[in-house]
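Only one structure is covered here, and it is reproduced in the block below.
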Amino acid sequence: MGLLSIIRKIKRKEKEMRILMVGLDNSGKTTIVLRINGEDTSVISPTLGFNIKTINYQKYTLNIWDVGGQRTIRSYWRNYFEQTDGLVWVVDSSDVRRLDDCKMELHNILKEERLSGASLLILANKQDIHGALTAEEIAKVLNLDAMDKTRHWKITGCSAYTGEGLLEGFDWLVQDIAARIYVLD
Amino acid sequence: MLHYLARVVQIQHTLSPKSPLRDASVFGALLKKHESMLRRLSDLHQSRIQQSASLKFYSDTKSFLNRFAESRNSIENELDRCSRASDPESRDRLKSDLEKVSAAIADLEKLVAESSYFLPAYEVRSSLDSISQLKESLDVVNAKLLPRKRFAFKNKVVNRDSNNVLGSVVNAVSESGIGVASNEVLVEKPSFRVCDSPGFRNKEGEVLVERFDGEVNGDFTLSDLRSCEVRLIGRFRALFIHRLRDCKVFVGPVLGSILIEEVEGCLFMLASHQIRIHHARESDLYLRVRSRPIIEDSNGVRFAPYRLCYEGIERDLKDSGLDEETGNWENVDDFRWLRAVQSPNWSVLPEEERIPMVNV
Ligand SMILES: Nc1nc2c(ncn2[C@@H]2O[C@H](COP(=O)(O)OP(=O)(O)O)[C@@H](O)[C@H]2O)c(=O)[nH]1
Ligand SMILES: [Mg+2]
């Protein structure tokens, strides 16, 4: 029977995960990816199109897609949905005015069939800014409790500026994906 | 198969360490569970295979690479031809030729994006590198053959009195094809109200001044201002600007980013690490910026270097990493425009129209 060959096939790809970074522009997606990868974050231009980073994280290889958040290209996000294992939704916790926009875009993306199996990490970024909303407040505004019960999700406060909270968030994401996809390890 | 059984035993062990291995019913249940798990995994794997097979794209790395190399060569040849164009006739066609090159590069980028799910990571990265090299070459050819000045003066076609900032926003939103029809979830009002951050809001015809002394980690908001003059003196972390009309805004160094949306007929004097401008019309921006400023859905915006003065600004700029003039005030990216060909939506503010150094 084919079971063993399936196991082998899964094992071969086992170390790779695809992660999609999304969120409104200016929320800090590119900064977060660079910070996790230990790169210089002092000069970052707004992302036109997309960047792909391959990062070794614990024993996994993360293929991280950092997609530009500008309206012009938001409709291209769909191109990146196929085979996404994890979704990171980044929020600028100091940008109170656009939270409605943020909520709307998040709920839109979660309706995507092709993303229904993906683990969801919400990063309430820019916690270093005085007056930023806390992760709990962001969770309320985004109405996360109303989310589909089958979705695996977590929200964490973080700052790409100080690095605080990033590892906690990504550790959860990677573990959650691993538990789902590589049960046989 | 031995391997397989060993795993089942292991699983049983972790799930209920006390139950004896002889317990057939537990064992049977576990076997079933494990089988269904394998089936799920197999399904997942199958659906992944099918998904990638059903992609209309070139699901085969080799043919992708061939196609990529072909386009890249033809783009390079075309750039080369353009850069050597000397007779007047071909020079006239340069602009449209270079626009075609720019479009071809955009297509190539899209091809990579679409193919990236079956391409090895290495191929994706090296393709993206080639694309940015092509963009750079195009920039160089553009700068050489089509100096910005030639376009800078054609930009003033927009009529200053049509004051429909909001109208253009609505259009842009529905144009993007997202977020209009499919938003049932969001129609409900937010269940939770948050208090506003520090800022100036809903003012008309006033002079508004704020000094930032100790606290540099705060953000600040300017929204719904009309015919005001705003002075923000000192340094702080982030600035949000929303719905301003006929205002003059002078701002000290901002350590993070500035986000500008829906402004018209304004003058901005800003220094920051990042500046994003959406839905701006007929406004002049005097900038000092570490990265490339971007505009989107904007027109009639003009750029010049930062010229602000107040006591202690030198030190504030230095402490914010903004003492150096990077020249980025004129490296504007228009996200609504094919890159590398001068956008008609912005221009460099001619020297003679610039205001002198401002002391606030
Ligand atoms: N204060 C602060 N600023 C941040 C943080 N993360 C990002 N930024 C700033 O926010 C701006 C937008 O960041 P960027 O990564 O380009 O956002 P993106 O559009 O989501 O990729 C930049 O000026 C960053 O320096 C953070 O945690 N704290
Ligand atoms: Mg970015």
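Each residue, glycine too, has its Cβ placed from N, Cα and C.
Because TrEMBL annotations are produced automatically, they should be read as predictions rather than curated entries.
Remember, it's a predicted structure, so these values are computed and weren't measured experimentally.
Sequence annotations record features per position, and here TrEMBL assigns GTP binding site to A:Gly23, A:Leu24, A:Asp25, A:Asn26, A:Ser27, A:Gly28, A:Lys29, A:Thr30, A:Gly69, A:Asn125, A:Lys126, A:Gln127, A:Asp128. Taken from TrEMBL, the feature Mg(2+) binding site covers A:Thr30, A:Thr47.
A map of TrEMBL features onto the structure.
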residue	record	Cβ contacts under 8 Å, 6 or more apart
A:Thr30	Mg(2+) binding site	A:Ile44, A:Thr47, A:Asn51, A:Asp66
A:Lys126	GTP binding site	A:Gly28, A:Asp92, A:Ser93, A:Ser94, A:Ala132, A:Ser159, A:Ala160, A:Tyr161
A:Asp128	GTP binding site	A:Ser159, A:Tyr161, A:Thr162, A:Glu164
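Counting Cβ atoms from all protein chains shown, A:Thr47 (Mg(2+) binding site) has 20 others lying within 10 Å of its own Cβ.
Those binding-site residues from A:Asp25, A:Ser27, A:Asp128 lying by chain B, with Cβ under 8 Å from one of its Cβ atoms, are A:Asp25, A:Asp128.
Other Cβ atoms within 10 Å of the Cβ of A:Ser27 (GTP binding site), summed over all protein chains shown, number 25.
Close contacts with ligand 2, defined as a Cβ under 6 Å from any of its atoms, occur at A:Lys29, A:Thr30, A:Thr47 among the binding-site residues A:Gly23, A:Asp25, A:Lys29, A:Thr30, A:Thr47, A:Asp128.
In this view, A:Gly23 (GTP binding site) is surrounded by 23 other Cβ atoms within 10 Å of its Cβ, with every protein chain counted.
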